[in-house]
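Straight from Swiss-Prot, the features:
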type	residues	note
REGION	1-182	region 'Large ATPase domain (RuvB-L)'
BINDING	Leu21, Arg22, Gly63, Lys66, Thr67, Thr68, Arg172, Tyr182, Arg219	ATP binding site
BINDING	Thr67	Mg(2+) binding site
REGION	183-253	region 'Small ATPAse domain (RuvB-S)'
REGION	256-343	region 'Head domain (RuvB-H)'
BINDING	Arg292, Arg311, Arg316	DNA binding site
Amino acid sequence: MTDPIPLHTPDRQPEDPDVALRPKSLAEFVGQAAAKDNLAVFIEAARSRGEAMDHTLFFGPPGLGKTTLAQIIARELGVGFRATSGPVIAKAGDLAALLTNLEPHDVLFIDEIHRLNPVVEEVLYPAMEDRALDLIIGEGPAARSVRIDLPPFTLIGATTRQGLLTTPLRDRFGIPVRLNFYTEEELEKVVTRGAGLMGLAIDAAGAREIARRSRGTPRVAGRLLRRVRDFAEVQKAGTVTSPIADAALTRLEVDGLGLDAMDRRYLTMIADIYKGGPVGVETLAAGLAEPRDTIEDVVEPYLIQLGLVARTARGRCLNDRGWEHLERQPPAGSQTGLFDGKS
C-alpha cells in the first residue's frame, strides 16, 4: 500500500489553491531570471511584429512555474489561452478540435507533452510547422486526405522528462527554456509574497525557515506556507516566526533540508539494505512500493541536487553527504567516495 501524498511533493494536487497566489506578469514572477529576461524579449518582439510567438518548450522538475509562465506569456501578448495535457488528447480528432477553435495568435498549452499519443504527435508536426492539419476522412478505398489551414498560434509544451520527447517534436520548438530549482533567497521572496496575499503576518526569519525546507520548489513553498498558517492560527500566533515555522514543519516531518518520510525511507533503504549502493531504481521502487516515475521525477532530483545521492550507470549510491544526513558512517569498502570527488 502506498503512503498518502507527501506534503513535499511538487506535483500539483486537486486541493491546491494555487491560482490566487500565482503571479500575473513577468515582473511579479520570482526567480528564473535568465529565462524571464529572454522571454520578455521574445514577447516584445512578437508583439511589435504583430505575430504569434514562436513555439516554446518548458522543461525541468515539477512545480517550478511552467504553467504559470505559459499563462503569463498569453496575458502579456494579449491573446487567448487554452490548456490541456498530453494524456487527455487521446486521438487526432481531439487535437483537431482544439486547434481549429483557436483564434489568431492564441496560446495552446500542453502539459506533460512527452505523454502525447504517437499518432497525435504526427498530426501536430504540420500544425506547428505549416499551420495546417492533415486529416484522413473516411475509411478503406473511400478514404481521402484533407488539409485544414490553421490560424497562427503559439504552442507551449511543458515536460518534466525532456529525454522522453521524440527528436522531431523537440526540434520543432523554437524556444527551449530550462527551469531550475530556486535558491533559498528566491523562495523567501515567494513565501513573503504568498503570505502577503493570504493576509498572513510573517517575519523574515519565518519566511526563511519555510524557504529552507521547500526543496527549491515554489509549489512546495506555497503548500508548506498554508500548513504553517494553519498551525499559527490555531496557536493564536500573531506573526509567523522562525520557531513557529520550525515547530509546524517538524510536526509535519519535514526536516531542515526539506526532506520528509519518503526521502528518508529512500536514503535509509540504500544505506541499510544495500550498504550505500549501487542499487537499481527498479529495486528501490519495488522496495518502497512506489512507481519508478515517482522515484525518478519526485524523490531523486532534489536529493541529487543536494549531493546526497549519485545516479550512476550501475545504480544509485549514497554520497558522503547522504551518510552525514543520516548521521551514519559508510561501511568499509563502500563506493561512497567515488562519487564525491573524494578518495
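Even glycines carry a Cβ here, placed using N, Cα and C.
Thr67 (ATP binding site) is 28 Å away from Arg311 (DNA binding site) when you measure Cα to Cα. For the binding-site residues Thr67, Arg172, Arg219, Arg292, the ranking by surrounding Cβ atoms (within 10 Å, all protein chains) places Arg219 first.
The region 'Head domain (RuvB-H)' (256-343) scores a mean pLDDT of 88 in the predicted structure. Using CA atoms as reference points, the binding-site residues Leu21, Gly63, Thr67, Arg172, Arg219 were checked against Arg292 (DNA binding site), and the closest is Gly63. Most Cβ neighbours within 10 Å among the binding-site residues Arg311, Arg316: this distinction goes to Arg316. Residue counts for the region 'Head domain (RuvB-H)' (256-343) under DSSP (helix as H, G, I; strand as E, B; rest coil) come to 44 helix, 9 strand, 35 coil. Residues Arg292, Arg311, Arg316 are listed as the DNA binders, and the farthest two of them sit 14 Å apart at their Cα atoms. Across the residues annotated as binding ATP (Leu21, Arg22, Gly63, Lys66, Thr67, Thr68, Arg172, Tyr182, Arg219), the two Cα atoms farthest apart lie 32 Å from each other.
It is 24 Å from the Cα atom of Gly63 (ATP binding site) to that of Arg316 (DNA binding site). Recorded residues Arg172 (ATP binding site) and Arg316 (DNA binding site) have their alpha carbons 34 Å apart, per Cα-Cα distance. Taken residue by residue with DSSP, Arg219 (ATP binding site) is part of a helix.
Comparing Arg219 (ATP binding site) with Arg316 (DNA binding site), their Cα atoms are 27 Å apart once rounded. Within the same chain, residues at least six positions away from Leu21 (ATP binding site) with a Cβ under 8 Å of its Cβ are Arg193, Gly194, Leu197, Met198, Gly222. The number of other CB atoms found within 10 A of the CB of Gly63 (ATP binding site), across every protein chain shown, is 28.
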